[in-house]
Structures are given as structure tokens and as C-alpha cells.
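Novice: Among the features that TrEMBL reports, domain 'Major facilitator superfamily (MFS) profile' is placed at 8-438. The transmembrane segment annotation in TrEMBL covers 50-72, 79-98, 104-126, 138-160, 166-185, 247-270, 282-300, 312-334, 346-372, 384-404, 416-435.
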């Protein structure tokens with residue numbers, strides 16, 4: 001039904017599911033860790049402890065791109081994606097048997113390294129394995145797996161109150177991914193050509209493409225011509241030409257605004273946000289609704305990305321995020337001043353965040369990673385993707401580490417109005433700076449960037 005490249009891409013993006021389970025880990029697990037009856041810490045975790053547990057994963061994720069980006073060029077995309085499962089398994093085992101805050105922090109830092117690696121290497125893998133007409137949908141499809149991981153942790157983490165059992169389960173999932181991708185995954189032809197292993201590149205193309213041999217030969221020659229005219233570059237080379245500098249501005253700008261919209265504050269501290277907003281529905285169930293909506297809407301972008309193009313979806317997404325966060329921000333500000341004025345609107349926090357998740361997931365959730373997988377030339381793809389991904393996670397660290405403290409100091413409503421402001425700036429950035437990549441080959445994208 002599908003060519004083999006689709007199957008190998010889908011098994012590879014299972015790493016996105018593993019990363020997703022870790023992104024929302026703090027929402028149920030901090031509650032479980034601090035449970036006065038069954039938690040390891042029996043109510044002794046402080047707000048500062050919780051903020052570090054939530055934030056340190058982003059520091060690890062800022063480091064991971066450089067480790068795994070380097071490995072992607074040295075041992076190949078496939079073996080690097082297999083290696084990404086290791087930090088997830090190790091960190092889950094540490095957490096399962098930890099009873100000290102410092103041990104949890106070390107485990108979450110290791111988790112972050114794996115997350116940063118997944119967000120760096122997966123877009124490269126998908127971009128190199130996909131046919132041009134499938135690249136947008138398959139690149140966006142990575143988000144479906146991530147969102148499935150988010151809802152998995154919201155639901156399963158809530159109902160499995162034992163921290164040890166839940167984290168052993170996460171370690172088993174990481175091991176399962178390793179086995180499945182080891183059996184089904186294929187190295188990309190681009191990597192083989194970079195290493196002058198042209199026979200292996202041809203064999204890989206014959207395996208992943210459902211095309212006659214003469215068509216395969218033409219694609220191989222195209223890959224050779226793209227790669228052989230480029231010298232292998234480093235991070236410094238990102239800024240030595242107009243095209244690569246513009247590509248980096250686009251890639252890092254998109255992931256900066258993705259995080260500045262407040263997405264990880266919502267995912268990491270969903271239960272706290274709903275509790276502080278005074279919604280009448282139990283915060284844990286509100287989190288599950290958010291996760292369910294995010295998973296459900298994650299299937300929209302793969303279907304429409306090649307229909308409307310990246311820029312239209314990104315601009316619409318940014319405006320939708322700004323609107324929904326403004327509603328929540330104004331609600332919170334009014335409630336803080338006079339709770340009776342909004343007592344009949346207790347449904348508004350969940351409605352506004354559902355709208356936020358829908359609009360985020362249509363554009364700014366998946367598309368920055370799809371674009372990053374498209375815009376960098378092969379010579380600097382790994383180093384540039386790593387640097388752009390680190391921008392994403394350093395921004396995430398700043399937001400997740402200090403969100404709770406800033407919300408307490410100036411008000412949660414003011415924080416969400418700030419996120420709304422960044423979302424509006426994101427729409428402006430996309431309109432004036434971002435390049436449309438719909439229906440273009442990777443070579444055509446490089447020509448447009450250098451104009």
C-alpha cells in the first residue's frame with residue numbers, strides 16, 4: 001500500500017512518542033512523588049524543588065542536540081535514533097528507584113538529553129527519507145506520535161499512582177522502540193552518499209522506494225549532485241552565506257516563538273494552571289482533556305500541510321494562540337480581582353486552553369520541526385539543526401523554570417497575556433521572514449534561500 005520509506009519513517013518517529021511521554025511527566029508525577037500516603041517525598045517537595053524538576057529537562061534538551069547531532073554525522077541517522085532510546089531508559093530506571101531530589105534532577109536532565117536528540121535527528125531522518133510530495137505530511141506526523149506520548153502520560157500516569165511502576169513501564173517502552181526500529185529502520189541514502197558508500201545508498205533507495213531501478217538511479221544521482229557540491233561544514237559555517245544564515249534565522253525563530261507561546265508551561269504545569277484558574281472540573285481530568293485534544297488535532301496538519309502550505313497554517317496558528325491565551329489571561333486577572341464576577345464562567349479556562357491547543361497543533365506544534373528538516377543544506381544540517389533545537393530548549397528552560405514564580409509574583413493572567421503577545425509577534429515573523437517550502441524539492445529550497 002505504501003512504499004517502505006513510510007514504514008521506516010513511522011517506526012523511527014516512535015521516538016517522538018517516547019519523548020512525548022517525558023514532556024508531560026511532571027504534571028502527574030510531581031503530584032505522585034509528593035503524595036502524603038504513597039509518594040517518595042511524603043509532602044516534603046517544595047515549590048522550588050518542583051520548578052527545578054520541571055525546568056531541568058529543558059537544560060538537558062539544550063545539550064542533547066549537540067551530542068546526537070554529532071553522532072548523526074558519525075554513525076548514521078538510524079544508529080543515532082537507536083541510541084536516543086538509551087537516556088530515556090536509564091532516566092526512567094533511576095526515577096523508579098529514587099528517593100532524593102538530586103537523583104530525580106539527574107534523571108530528568110538525562111531525559112532532556114534524549115528529548116533534545118529526538119527533536120534534532122528525527123526531522124533530519126524524515127526529511128531525507130521522504131519523497132518531496134510526502135515530506136510535509138510525514139514531517140508533521142512526528143507531532144502525532146509526540147502527542148500520543150503526552151496523553152499517555154496524562155492518563156496512565158494519573159491512574160498508576162506508583163512512581164516506580166509507571167517509570168519501569170516507561171523504560172520498557174524505550175526498550176521496545178529500540179527493538180522495533182532496529183528491525184524495521186533503514187539508514188538514509190543521503191548519509192551513505194556523504195560517506196561515499198554509493199552502493200549502500202543505492203541498496204537503501206531500492207529498499208525504501210517502490211520505483212523501477214532506472215528511477216532509483218536518477219534519484220541517487222540527484223542526491224549525489226546535491227551533496228558532492230557541498231563541503232562538510234560546522235556551526236561557524238552556518239553564518240558564512242546568506243542562505244544558511246537566513247535558514248538558521250527561520251528555524252531558530254520558529255522554535256523560539258513555539259516555546260514563547262507558553263506551550264511547555266501548559267504541558268508541564270497543566271494541573272497547577274487549572275487549579276489556580278479555579279475551574280470546577282478536577283485538574284487531572286482537565287489535563288487529560290487537553291492531552292486528548294492535542295492528540296486528536298495532531299492528525300490535522302499532516303492532512304492539510306500540503307494543501308495550504310506552511311506559512312498560512314503558521315500564521316493562522318499564531319493568531320489563534322494569541323486569541324485563546326488573551327481570553328484566559330483576562331479571565332484570570334478578573335478572577336484575581338473579584339472571583340464573584342467570573343463565578344459563572346468556570347468553564348472558560350478549559351475552553352480557552354482547548355482552543356489554544358487546537359490552534360497550536362495545527363501550525364506551531366509540528367511545522368517548525370518539519371521546516372527545520374527542509375531548510376538546511378546537507379553540509380551543515382546536523383550542526384544547524386542542533387543549534388536551532390538548543391535555542392528551543394533554552395527558551396523552554398527559562399519559561400518552565402520560572403513560570404510558577406513569575407505567575408505568583410505578577411499573576412497567572414499577566415503571564416498568559418505575555419504569551420499572547422509573543423504569539424502575535426510570531427505571526428509577524430512568519431509573514432515577513434519565513435520561506436514557503438510547500439511542493440519544493442530540497443534543492444529548490446536552497447536556491448530560494450540564497451536569492
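Glycine is no exception: its Cβ is also placed from the backbone N, Cα and C atoms.
I would like each feature placed in context: is it buried or exposed, what are its neighbours, and how far apart are things?
Specialist: Within the model, the domain 'Major facilitator superfamily (MFS) profile' (8-438) shows a mean pLDDT value of 87, rounded to a whole number.
Among residues of the same chain six or more beyond the transmembrane segment (50-72), those with a C-beta under 8 A of the stretch's C-beta atoms are 22-23, 25-26, 30, 34, 79-80, 83-84, 87, 101, 104-105, 108-121, 124, 191, 264, 268-269, 382-383, 385-387, 389-390, 392-394, 396-397, 400-405.
Listed as Cβ neighbours of the transmembrane segment (79-98) (distance under 8 Å, sequence separation of 6 or more from its ends, same chain) are residues 12, 15, 18-19, 22, 40, 64, 68, 71-72, 104, 106-108, 110-111, 113-114, 117-118, 121-122, 125, 163-165, 167-168, 170-171, 174-175, 177-178, 181-182, 185, 187.
Counting only same-chain residues 6+ beyond the ends of the transmembrane segment (104-126), those with a CB under 8 A from a CB of the stretch are 9, 12-13, 15-16, 18-19, 22-23, 25, 33, 52-53, 56-65, 67-69, 72, 77-78, 80-81, 83-88, 90-92, 94-95, 98, 135, 138-139, 141-142, 188, 369-370, 372-373, 381-382, 385-386, 389-390, 392-393.
Residues 7-8, 11-12, 14-15, 17-18, 21-22, 29, 32, 78, 81-82, 85-86, 88-89, 92-93, 95-96, 156-157, 160 of the same chain, all 6+ positions outside the transmembrane segment (166-185), place their C-beta atoms under 8 angstroms from a C-beta of that stretch.
Cβ atoms under 8 Å from those of the transmembrane segment (247-270) belong to residues 23-24, 26-27, 54, 58, 150, 154, 238-239, 283, 286-287, 290, 314, 318, 321, 325, 353, 356-357, 360, 364-365, 367-369, 371-372, 375-377, 384-385, 387-389, 391-393, 395-396, 399-400, 403-404, 415-416, 419, 422-423, 425-426, 429-430, 433-435, 449 of the same chain, restricted to positions at least 6 beyond its ends.
Packing against the transmembrane segment (312-334) from elsewhere in the chain are residues 254, 257, 261-262, 276-277, 301, 304-305, 341-342, 345, 348-349, 352-353, 355-356, 358-360, 362-365, 367, 411-417, 419-421, 423-424, 426-427, 430-431, 434: each is 6 or more residues past its ends and has a CB under 8 Å from a CB in it.
Sequence-distant contacts of the transmembrane segment (346-372), counting only residues of its own chain at least 6 positions beyond either end whose CB sits under 8 Å from a CB of the stretch, comprise 119, 122-123, 126, 135-136, 139-143, 147, 250-251, 254-255, 257-258, 261, 263, 266, 273-274, 277-281, 286, 289-290, 293-294, 297-298, 300-302, 304-305, 310, 313-321, 323-325, 327-328, 331-332, 385, 388-389, 392, 426, 434, 437.
Beyond the transmembrane segment (416-435), the same-chain residues lying 6 or more positions past its ends with a Cβ under 8 Å from any Cβ of the stretch are 246, 249-250, 253-254, 257-258, 260-262, 265, 310-311, 314-315, 318-319, 321-323, 325-326, 328-330, 332-333, 364, 371, 375, 445, 448-449.
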Novice: Quickly jot the same-chain residues contacting the transmembrane segment (384-404) by Cβ under 8 Å, restricted to those at least six beyond its ends, or write none.
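Specialist: Same-chain contacts beyond the ends: 47, 50-52, 54-59, 61-66, 68-70, 112, 115-116, 119-121, 123-124, 235, 238, 244, 247-248, 251-252, 255-256, 258-260, 262, 264-265, 268-269, 272, 368, 372-373, 376, 415.
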